[in-house]
Amino acid sequence: MTAEGHLLFSIACAVFAKNAELTPVLAQGDWWHIVPSAILTCLLPDIDHPKSFLGQRLKWISKPIARAFGHRGFTHSLLAVFALLATFYLKVPEGWFIPADALQGMVLGYLSHILADMLTPAGVPLLWPCRWRFRLPILVPQKGNQLERFICMALFVWSVWMPHSLPENSAVRWSSQMINTLQIQFHRLIKHQVEY
C-alpha cells in the first residue's frame with residue numbers, strides 16, 4: 001500500500017474506532033487527539049524500508065532496521081506493537097502527559113498500517129518471528145492504485161454513517177470488552193515490572 005493509502009486508511013480506522021466505541025477511552029476520546037495521533041504513527045511500520053516515505057527521511061534509523069529485519073518483518077508484527085508500548089510505558093518520563101485517547105490513537109494508527117498491508121498479496125508476519133504471513137489479498141500493488149483509495153474512502157464513509165445503536169452482543173461490543181481487558185492486564189504487567 002502507498003503512503004497516501006496508509007494515511008487515508010488510518011483516518012478511516014480512527015473514525016471507525018471512535019464511532020464503534022472500540023474501547024471506552026476511544027468512545028469518550030477527543031477527535032483532535034485520536035485522528036492526529038493515528039496519522040502520526042500510521043507510516044511508522046515502514047521504517048524498515050529505506051525507500052519508504054519515513055525511510056527516506058530517517059535513513060540513519062531505517063537502514064539498520066532494514067538490515068536487521070528486512071521489509072515487512074518485525075515492524076509489521078504484534079510483537080513490535082507490544083515492544084513499542086512497553087518501551088513507551090517504561091521509558092517516557094512520568095512528567096510527560098499524553099492523554100489516553102491520544103496514546104490509543106497512536107496504537108490504532110500503527111495497527112491500521114499492519115491491517116492495510118494485510119490486504120496486499122505479500123501480507124504481514126503478525127506472529128513474527130514465526131514466518132507465517134497473514135493476508136487477505138484484495139489490493140494489487142501498483143502506483144496510483146484506485147482500488148486502494150476506493151476501499152479507504154468506503155470505510156471512511158461507512159464509519160461516519162454507520163448505525164450507532166449496535167446490539168450489546170455484537171462483535172464490536174465483545175471486542176471492546178476484550179481490548180479493555182487486555183489494556184488493563186498490560187498496565188498491570190508493566191506496573192508490576194516497574195515495581196520490581
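Each Cβ is built from the backbone N, Cα and C atoms, and glycine gets one as well.
Summarising the annotation, Swiss-Prot assigns topological domain 'Periplasmic' to 1-23 (among others). For the topological domain 'Periplasmic' (1-23), the number of residues in each DSSP class (helix H, G, I; strand E, B; coil) is 17 helix, 0 strand, 6 coil.
What Swiss-Prot records for 45-77 (among others) is topological domain 'Cytoplasmic'. Shown for the topological domain 'Cytoplasmic' (45-77): DSSP residue counts in helix, strand and coil, namely 23 helix, 0 strand, 10 coil.
Mapped onto DSSP classes, the topological domain 'Periplasmic' (99-106) shows 7 helix, 0 strand, 1 coil. Residues or ranges marked as topological domain 'Periplasmic' in Swiss-Prot: 99-106 (among others).
Here the topological domain 'Cytoplasmic' (128-149) has a mean pLDDT of 81 out of 100. As annotated by Swiss-Prot, topological domain 'Cytoplasmic' applies to 128-149 (among others).
The topological domain 'Periplasmic' annotation in Swiss-Prot covers 171-196 (among others).
Per Swiss-Prot, transmembrane segment is recorded for 24-44 (among others), and the stated evidence type is sequence analysis.
Residues or ranges marked as transmembrane segment by Swiss-Prot on the basis of sequence analysis: 78-98 (among others).
Residues or ranges marked as transmembrane segment in Swiss-Prot (evidence: sequence analysis): 107-127 (among others).
Here Swiss-Prot flags 150-170 (among others) as transmembrane segment, drawing on sequence analysis.
The list of residues near the transmembrane segment (107-127) in space but at least 6 beyond its ends in sequence, with Cβ under 8 angstroms from a Cβ of it, reads 1, 5-6, 9-10, 12-14, 17, 26, 34, 37-46, 72-73, 76-79, 81, 84-85, 133-141, 151. Counting residues 6+ beyond its ends, the topological domain 'Cytoplasmic' (45-77) has Cβ neighbours under 8 Å at 3, 6, 110, 113-114, 117, 122-129 in the same chain.
Across the topological domain 'Cytoplasmic' (128-149), DSSP classifies residues as 4 helix, 1 strand, 17 coil.
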